[in-house]
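Structure first, commentary second.
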Ligand SMILES: C[S@@+](CC[C@H](N)C(=O)[O-])C[C@H]1O[C@@H](n2cnc3c(N)ncnc32)[C@H](O)[C@@H]1O
């Protein structure tokens, strides 16, 4: 895809909505988790196409490629602007992506009190972004939040938490829940139970975000299978704390395997709407998308499913549903959705390969970055908020020793 300033708008319209059919229903609870995983035949060739395109990157030296991708990142001016001109708090790419989700869908509604829970949230930019959105649009709302993540101060997480910036966590430590064993690992049922207990005291939870990811650098073609148990745990935790009619934002990648498709089918059945959205500030070459679930139906039936799911943690590998219990018109929609996002990702990779081989001039690159910011600004109109409404305002570094006393010390600098 050749990019010019007039095609910038399409970066903001990477969306797909599942269209729920009234005859769809979930299998009985005693007939779930009894098939092994498989790639769904209709999706197999889409997976092969994507892997074939990704494999072309093997020819390029990783270090040079990463440098090139960072330099040609179209959203770099957006983050610069939000940090330096809007003076927003703790701006990262994640901050920008969540702000897009919140602006593109009616996730936050005016309420006297808005409570949210954030799973897999270190270093915390989603929270800062949501705070900015609520303070700008509903300044009279009281915003309460709680977050959980792999505990960056826990020795066992030294190599897997990968959080290099603990400023936000240290200044808001009272809002973080690291669970029963203090690792913060959401795939451990005891940690989810501790989070639920804490959230009960918060009141109505209107939004849960889950942004978990694991390093799949060694097997990029198997990302979907590697993150399944994490996604499963995020759904189990989210649906136990979310109130009726609430929203859930879940980061996912591809939808080729029966495991992921079952999870998606489950969500589509228990939310009023489910959309797949790739924000313009999400890296164009990766598979990351956000599943935007709105209008949770918190019924007895839903919660029975969720507790059955919880009993399967932590090392879930099997899909929830047999392939023959998932309607073919749902599989067709997953196929259409996957085809759309795989096409976009493949085009982005091929366009980058082309630009790597024949670099575009510096001025052209700057113009595109400027246009991207212009469109982001035109759509989302992000203004400054007073410092007093920021989450780290007047918050000293917490007494981190309180956490360190309880865990095997690992200090994050
Ligand atoms: C992309 S980062 C989240 C970024 C965050 N939303 C933000 O805005 O700053 C993914 C996070 O998932 C966390 N994570 C990965 N596996 C986890 C697990 N099993 N339990 C809890 N958190 C996990 C990582 O520690 C990491 O902080």
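Backbone N, Cα and C atoms are what each Cβ position is placed from, and that goes for glycine too.
Taken verbatim from TrEMBL:
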- 251: active site, proton acceptor (ACT_SITE)
- 124, 211: S-adenosyl-L-methionine binding site (BINDING)
- 89-298: domain 'Adrift-type SAM-dependent 2'-O-MTase' (DOMAIN)
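Of all Cβ atoms in the shown protein chains, 21 besides its own fall within 10 Å of the Cβ of residue 211 (S-adenosyl-L-methionine binding site). Looking at the domain 'Adrift-type SAM-dependent 2'-O-MTase' (89-298) alone, the prediction's average pLDDT is 94.
Sequence-distant contacts of residue 124 (S-adenosyl-L-methionine binding site), defined by Cβ-Cβ distance under 8 angstroms and a gap of at least six in the same chain, are 90, 118, 147, 168, 169, 172. With a CB cut-off of under 6 A applied against ligand 1, the recorded positions 124, 211, 251 are reduced to 124, 211. Counting only same-chain residues at least 6 apart in sequence, those with a Cβ under 8 Å from the Cβ of residue 251 (active site, proton acceptor) are 210, 211, 212, 213, 288, 289, 290, 291.
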